[in-house]
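**Student:** So TrEMBL lists these for the protein:
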COMPBIAS  A:142-152  compositional bias 'Basic and acidic residues'
COMPBIAS  A:647-656  compositional bias 'Gly residues'
DOMAIN    A:195-223  domain 'DEAD-box RNA helicase Q'
DOMAIN    A:462-611  domain 'Helicase C-terminal'
MOTIF     A:195-223  motif 'Q motif'
SIGNAL    A:1-15  signal peptide
Amino acid sequence: MFFVLLFSYSTAGNAYSAGKQCGYSVALINLSNSPGWDGGRSNGFVNGYHDNRTNGSFGGRGPPRNDRGGRSAYRGNRGGGSFNQPLQNADGNWGGPPRDTTYSSFGGRSDRAKSSFFNDRGAGSRGRYERGGFASGGNTRWVEDSREDDWSKPTAPNERLEHELFSASNTGINFEKYDDIPVEATGTNCPPHIESFHDVDMGEIIMGNINLSRYTRPTPVQKHAIPIIKSKRDLMACAQTGSGKTAAFLLPVLSQIYTDGPGDALQAIKNSGPENGRYGRRKQYPISLVLAPTRELALQIYDEARKFAYRSRVRPCVVYGGADIGQQIRDLERGCHLLVATPGRLVDMMERGKIGLDYCNYLVLDEADRMLDMGFEPQIRRIVEQDTMPPKGIRQTMMFSATFPKEIQILARDFLEDYIFLAVGRVGSTSENITQKVVWVEETDKRSFLLDLLNATVIPSEVQENVTEAPEKPGKDSLTLVFVETKKGADALEDFLYHEGYACTSIHGDRSQRDREEALHQFRSGRCPILVATAVAARGLDISNVKHVINFDLPSDIEEYVHRIGRTGRVGNLGLATSFFNDKNSNITKDLLDILVEAKQEVPSWLESLATNASHKYTFSGGFGARDYRQTSGGSGSFSSNRGSRNTGGHGGNRGFGGGGFGGNFYSNDGYGGNYSHSGSVDWWGN
DNA sequence: AAAAAAT
């Protein structure tokens, strides 16, 4: 399998200089190991989660229920850090929980030569620990001497935090499937890809955290993106979450920050004290900004960032709507070097003077196409272009997008400088990782059919040959994600399943942010192995152990379908996707058929004849979506045609991308953009 | 017409 690729255009020399370094000599107080905040953000999830609704068994009867409204204490608990965690003593050891096999610190590994790296807090170090005098007890601070202010050196280990960050881990990765993913990079002077994390120097901290995360080898997107980002190039990557994308940008960006140190940002923060601004408290100047379309995705990226920032001086923060802004501001004020945000809340924070982007050297736009879909473009431009962020060419910008329609091409043209384009094949979805089933189910039969599916312990025989890992009954390690089209429908189906005795919960945009996060946690943890969801959960969320995705309602858009089923079969695992199809779904017939064929899935004969009968209809699918990047015909030789300098319109306006065999609908260069919909066909809403 | 997202 290979790609035809794409443009390369020449630009004048890259004036890029990252990590604006300057001398600084100040004392640095590192609170990153303080139980105060670390206990706050996610400890509530991992250890200290209390919910009186979850006391019962979830085996089948009397399941926990995800109430609406109610308990107001939850978020407070979560953020309060009020758990009785053991406190770190002066030499960074922990007297608390019994050692778990998970705990190894960095240095526990014998495969790393740099033994001096770990647990060597003592000799030669000019810093010192200060015991905090707080009533709550013993905040330990590492006070650094200015000359020791080297961000590339790890800070003290913290067993409890380490356990919290790294204990939940992916298992059973199907590497064989994984390596099939085709990747293609284009652009001027593209650095060669790596085969091992050791092929590029990411420094002690990153390598230690890679070990702790039990990452053995880079995923395909990481193999390419890491050296590109490390060599300070801008990047436009067409890849979906689940390909290892988050680490693909977090690892090299953080590595670079550790190497370069805080630069001007540190002084700026110092100068932003109460005396310097009407807003009083310190304004934070993150060195790196990651924008994400949904709150849950932002949280997920933040959680990853915490892992790779372990034992570093970088403090990640996350801001998003629906949550208490005061709490987020307080968290920011404790220091913020890497900020993960949804656009709206970030603009809010900027207008409140809490965040300055003046020293933001690294900008990541995750799921960029999704952000545009959701109308974020003005806010993104406000953040990137109309504020104090360094211009392109100065900052380093990385964009990730599942598709590459015209709107994204324009954004790439505006935000990126001399960039490298990376096309990553799908991990799941159209690959054979996911067994896709389409069944004809009338609206009135959907519920009972769903129950049958949920009760099924044996998978249908015709599926078995494709599935080596049978989907089990929903349970702790076997999660089922049920997609519906409307928020109302989600509530109704959740209620139904609840009354039928299933441990289920739901997530959609009308639920409070607290409930959404809780539902996700209940699902992830297996307490509620069935999650009823709207489109909010379709993209980006990385939930391991999702064995079965059920499209209770099929979406009207094939892109949405691909994203949804991509929630299973993550990182090389196998999964099953079952879709209920009836008259209402005729609009997706053709695209669905194409997807099934492409992924070498069994096609029901009725679907085939439906598609044939409907074939007179003009269908157009913008973006990569249904067709993937793969060449379907023709050679690969013509990709250089019509790709002149940027003056001819750069990536945006060119026609002729498809010359080499993408087919005419590969990029939406025909002026219709990605929004052209199927004319004349019946859509989901019956219009 | 749905859903997502700042309040």
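Positions of Cβ are set from backbone N, Cα and C atoms, glycine also.
Keep in mind that TrEMBL annotations are predicted by a computer and have not been checked by a curator.
Please situate the listed features within the shown structure.
**Tutor:** As a summary of secondary structure, the domain 'DEAD-box RNA helicase Q' (A:195-223) carries 17 helix, 0 strand, 12 coil according to DSSP.
In the predicted model, residues of the motif 'Q motif' (A:195-223) average a pLDDT of 94.
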**Student:** Helix, strand, coil residue numbers for the domain 'Helicase C-terminal' (A:462-611) per DSSP?
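**Tutor:** Across the domain 'Helicase C-terminal' (A:462-611), DSSP assigns the residues as follows: 66 helix, 28 strand, 56 coil.
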